[in-house]
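Right, one structure below, let's go through it.
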Amino acid sequence: MPKVLAVNAGSSTLKFQVIAMPEETLLASGGIDRASSPDAVLTIKDAQGQTHESRAHLENIDHAVDTLLTTLVAQGVLTSPDELAGIGHRVVAGGEKFAAPTLVTPQVLKDIAALAEYAPLHNPSEAAYIEAFARRLPQTPAVAVFDTAFHQTMPKVNYLYSIPMTYYRQFGARRYGAHGTSHAYVAHEAAKLLHRDLASLRLVTLHLGNGASAAAIQRGASLDTSMGFTPLAGLTMGTRSGDIDVSLVAYLANKTHQSFADMVQILNDKSGMLGLTGLSSDFRDIDAAAQAGNERAILGEKVFINRVVKYIGAYTAEMGGLDAIVFTGGVGEHRGSLRHGVLQQLAYMGIVEDPAQVNAQATAFLTTPASAVQALVVTTNEEVMIARSVMQVTAH
């Protein structure tokens, strides 16, 4: 029973799962908060659901990796770090270089680092953790799984911007999308639930969380997606604006005497639902305020729903029809009122909601069998997709 470690590394956090393959049994999950700091917190949840938390003084990334592996052995998850059949690393930006999960080599690592300008908040830390695990377990194969890879099937008409082609050719200025691993996972799961071949389906998958994106999936491949060159584009998000007229950025930079870079930071960190409501980027807080009658919270939710509906409509037209809508992500899986708001506006498609499932909190159908277009909520599991990728790549 091979064991795979799926790693999702951030600038100050490390999340992981240990999964037994091919059964896809979760053996342990958890993370390190404030990694590489004197007050790091390591949390491990075992297969029985028991949570073990400890504090550690972690001097650097290598120390964090060593502490994690040592703790997994101490907790009985692994008999030894060498027991791992492979390590899968989530990497946000793969550009056009990587269209599929890839075995990590020194050259691949250089390429990931070179793509840092596409995802400056993510790729550098991901590359650093890949190197740290390789130093600790040099004989264990590592596989990079790229968020952008799933969307590499998009045709040129969907990924090119209407700007001089030289910018695309010289600088790679195009749509890349994100959340690809999640979109791929829920599409496969939806096909199983619908008892249909994925290749026969036209799906709109909605990964809705603090970051949010929509994808049009046809014949099992990504046809279009809402995020762009960076994850700033598309839907209204927790703190990100989503689609915006770029001239407005220049206008506001001039009016507020801020740099263009400052304005981009505002669009990333202080906009979206936080900017609209003035309350929070957390949809739980916003929903509670809306229920209490807060007008800005109500408006913020309406804007969010409206953007989602627009993308569903556009993607339905693009695919020439629609078989199912799939909700996932923290908001997509748990905010029944927002899902209902979306589906209510799509009643013209013949969508018939199941009243008993409006507030479903786990994988479930949201529509009745009579619905012309089915709607589902599917709990995403990017780590399982990463583990599957490790097994597929290392089997060759």
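Cβ from N, Cα, C; glycine included.
Counting Cβ atoms from all protein chains shown, Asp147 (active site, proton donor/acceptor) has 25 others lying within 10 Å of its own Cβ. Summarising the annotation, TrEMBL assigns active site, proton donor/acceptor to Asp147.
In the three-state DSSP scheme, Asn8 (Mg(2+) binding site) is classed as strand. Marked as Mg(2+) binding site by TrEMBL: Asn8, Glu382.
The Cβ neighbour count for Asp282 (ATP binding site), using a 10 Å radius over every protein chain in view, is 15. Annotated ATP binding site per TrEMBL: Lys15, His207, Leu208, Gly209, Asn210, Gly211, Asp282, Phe283, Arg284, Gly330, Val331, Gly332, Glu333, His334, in sequence order.
The substrate binding site annotation in TrEMBL covers Arg90. Secondary structure at Arg90 (substrate binding site), as computed by DSSP, is strand.
Classification of His179 (site 'Transition state stabilizer') by DSSP places it in coil, neither helical nor stranded. Counting Cβ atoms from all protein chains shown, His179 (site 'Transition state stabilizer') has 31 others lying within 10 Å of its own Cβ. Taken from TrEMBL, the feature site 'Transition state stabilizer' covers His179 (among others).
Taken from TrEMBL, the feature site 'Transition state stabilizer' covers Arg240 (among others). DSSP classifies Arg240 (site 'Transition state stabilizer') as coil under the three-state reduction. Taking all protein chains in view, 27 other C-beta atoms sit within 10 angstroms of the C-beta of Arg240 (site 'Transition state stabilizer').
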Other C-beta atoms that fall within 10 angstroms of the C-beta of Glu382 (Mg(2+) binding site): 24
Packing count at Leu208 (ATP binding site) (other Cβ atoms within 10 Å of its Cβ): 26
For Lys15 (ATP binding site): intrachain residues, at least 6 apart, with Cβ closer than 8 Å: Val7, Asn8, Ala9, Ser29, Gly30, Gly31
Structural state of Leu208 (ATP binding site), classified by DSSP into three states: strand
Cα separation, Asp147 (active site, proton donor/acceptor) to Arg90 (substrate binding site) (Å, whole number): 7
Nearest recorded site to His179 (site 'Transition state stabilizer') by CA-CA distance, among recorded positions Asp147, Asn210, Arg240, Asp282, Glu333: Asp147
Under 8 Å by Cβ from Val331 (ATP binding site), same chain, sequence gap 6 or more: Leu208, Gly209, Ala212, Phe283, Leu338
